[in-house]
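Written out below as structure tokens is the structure these notes cover.
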Amino acid sequence: MTTRVAEGCRKAFTTVIKCKAAVAWEPGKPLTIQDVDVAPPKVHEVRIKIVATGVCHTDWEYLYESGKGMKSRPFPLVLGHEAAGIVESVGPEVTKFSPGDKVIPLFLPQCGECERCRSPKTNQCRKNWANMQLGVMADGTSRISYKNQQLYQFLGVSSFSQYTVVPDTSLTKIRCDAPLDKVCLLGCGVSTGYGAAVKTAKVEKDSSCAVFGLGAVGLAAVMGCQVAGAKRIIGVDINPDKFEKARVFGATECINPRDHEKAIQEVLVEKTGGGVDYALECVGSPVIMNAALESTAEAWGTCVIAGWTETETMNIMVEKILMGRTLKGTYFGGWKSVEDVPKLVDDYMNKKLKLDEFITHNLTLDQINVAFDLLKSGKSIRTVISL
């Protein structure tokens with residue numbers, strides 16, 4: 001009997017799964033659906049069946065802005081990093097996960113052992129970090145291939161595949177009654193924006209806030225400001241179609257910069273009698289980052305940068321900082337990924353956190369390029385892909 005069990009375990013570790021994945025063969029070209037092979041998990045790795053994945057602006061940027069605002073990544077690769085699924089099998093030495101567990105893969109690891117994980121000051125664990133940025137696992141190879149050609153795994157996740165393999169430090173187990181097609185959004189955008197407000201900025205009750213950019217991250221920041229008890233929450237976006245949705249999440253008013261001759265920071269300073277207490281930049285544009293900083297009040301204003309760009313620089317007048325403003329950055333909203341994401345899932349299940357309201361479209365994997373088009377045109381907030 002013992003021998004049969006051992007043989008069964010070895011078989012699980014050596015079985016390749018064939019499935020569908022959306023492959024990015026080169027920058028700037030639409031994704032194509034391919035039959036790929038997903039290798040079994042190695043030591044400290046877990047293979048997951050992806051049930052649902054959100055389509056994040058970062059996915060679009062790495063495909064269409066590679067080498068511009070984003071550092072170049074190796075191609076071909078499988079994008080996708082905001083997802084939820086079910087554990088299919090575990091590799092050797094994995095102790096925290098079992099087949100059948102509901103999980104959310106994480107582009108930000110939490111090993112729980114390094115200096116950063118032990119510190120309450122940061123969430124930025126670097127376990128396998130360099131390799132994950134290059135699209136490979138700890139041993140320098142990917143687990144996804146097409147006709148024996150390696151396909152790189154975006155941020156170590158690759159959720160635009162029906163199956164994927166991730167390190168066990170980049171995965172968190174969630175409650176079994178959580179709807180995966182909703183909580184998948186906690187793998188990136190919603191957690192980032194919400195945490196930017198409540199965890200990084202630490203928005204205070206009765207304060208005034210401005211949120212620049214009303215995509216998923218920005219709307220989550222609006223929600224965070226409301227949950228924190230902000231009295232005035234101003235949404236800023238050049239797309240007025242997003243204003244109604246922003247009010248659903250708690251915006252008290254919305255402004256289109258194109259409706260004003262003055263710079264938006266000047267408009268906000270005038271409207272608030274000196275500037276907002278908190279500004280959250282959720283676009284990823286250095287110009288807007290500067291505007292957000294300058295929209296805050298002298299002496300105590302705080303600006304948090306949640307928008308993502310890797311290659312661009314900010315030019316800040318030193319006086320804007322010397323007079324008492326604080327400029328901060330946030331990554332994944334400041335959450336300790338493995339331990340905090342399940343708590344966010346609980347908040348959603350207990351109706352303390354909105355998720356359904358972010359979802360504007362539900363599509364299938366073969367419609368992934370449609371999802372990108374909806375995102376780029378501003379017609380979607382979050383599209384959830386069912387795999």
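Glycine is no exception: its Cβ is also placed from the backbone N, Cα and C atoms.
Feature annotation from TrEMBL assigns domain 'Alcohol dehydrogenase-like N-terminal' to 44-174. What TrEMBL records for 216-344 is domain 'Alcohol dehydrogenase-like C-terminal'.
The residues of the domain 'Alcohol dehydrogenase-like C-terminal' (216-344), classed with DSSP into helix (H, G, I), strand (E, B) and coil, number 59 helix, 22 strand, 48 coil. Across the domain 'Alcohol dehydrogenase-like N-terminal' (44-174), the DSSP tally of helix, strand and coil residues reads 20 helix, 44 strand, 67 coil.
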